[in-house]
Amino acid sequence: MYYPFVRKALFQLDPERAHEFTFQQLRRITGTPLEALVRQKVPTKPVTCMGLTFKNPLGLAAGLDKDGECIDALGAMGFGSLEIGTVTPRPQPGNDKPRLFRLVDAEGLINRMGFNNLGVDNLVENVKKAHFDGILGINIGKNKDTPVENGKDDYLICMEKVYAYAGYIAINISSPNTPGLRTLQYGDALDDLLTAIKNKQNDLQAIHHKYVPVAVKIAPDLCEEELIQVADSLLRHNIDGVIATNTTLDRSLVQGMKNCQQTGGLSGRPLQLKSTEIIRRLSQELKGQLPIIGVGGIDSVIAAREKIAAGATLVQIYSGFIFKGPPLIKEIVTHI
């Protein structure tokens, strides 16, 4: 496969520049016959999760296609689902550059992007043009300048705008790069948010005559007590699924490596065991009452199987996709 050569060229560039260049090319081919250049035939292995039928258990994690610009091209590579976003009510530039760093030896990434996106209205227009035949998840967040105490308003605005177009909606309360965001994972703040989201979901179901499931994306840095509390809240509020996990602030496995001290969330192989352990504990707490979408450091068939053995129904990739390319999709779907 050509990807090792492509990767070598891309890794000569600054990580964000490499991402922009890649997306520039994908935008050119998305929705055109040139999509055949990236199309891969993968086996159909249907999985039911959150009341939806996924054509295979592998999805693209949020953060790669923040604005839904390359849905068809990414879909052609064989993903059973794509999670686009994180998107916010209003466009925002994100944090200052540089804000994305490779840890090449560890096959990890550190990012402090800060929800850079062109806003929810732009994303919806892109979704309307797409023809992806898999499940499309839309990941939503709050604007940086929205006070945390008003954060739920941003989630409700986004829900209202994406509901008609989403296969499922992911609630991102676990990015480490928006000040105060992770506080929404705890106690009364989480209960208030989930109550508002569930009420909005019920209202939107009545308006649109369809039920769009909602999943909450959590951090890997929860202590035991916090994990138990989160699991309890998700069950009490009848949330449809949980995505575990986002990036970590823990640097214990990358000490001494180039870029290891950069501020931001660490993803990729160094996150693998930590996220799998969270999935295992979460699975014990949830007792099969709520499905888990497993994400964090999946870079091989074995790593994907470990997530499923720990309790995940579906899995997602991001950093592994950057390091291994489209062949990883075919490999995982074929052998999982």
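Numbers run from 1 along the shown chain.
Glycine too: its Cβ is placed from the backbone N, Cα and C atoms.
Among the candidates K55, K66, K287, the residue that Swiss-Prot annotates alongside N111, R112, M113, G114, F115, N172, N177, N246, T247 as binding substrate is K66.
N172 (substrate binding site) sits 13 Å from K66 (FMN binding site), taking the C-alpha atoms as the reference points. Note on proximity: among R112, G114, S175, N246, the recorded positions of the record, the Cα nearest Y318 (FMN binding site) is that of N246. Calculated from their C-alpha atoms, the gap between L64 (FMN binding site) and S175 (active site, nucleophile) amounts to 14 Å. On its own chain, K66 (FMN binding site) has I84, G85, T86, V87, N116, N117 as residues at least 6 apart in sequence with a Cβ closer than 8 Å to its own Cβ.
The binding-site residues A62, L64 differ in how many other CB atoms lie within 10 Å of their CB, and the one with the most is A62.
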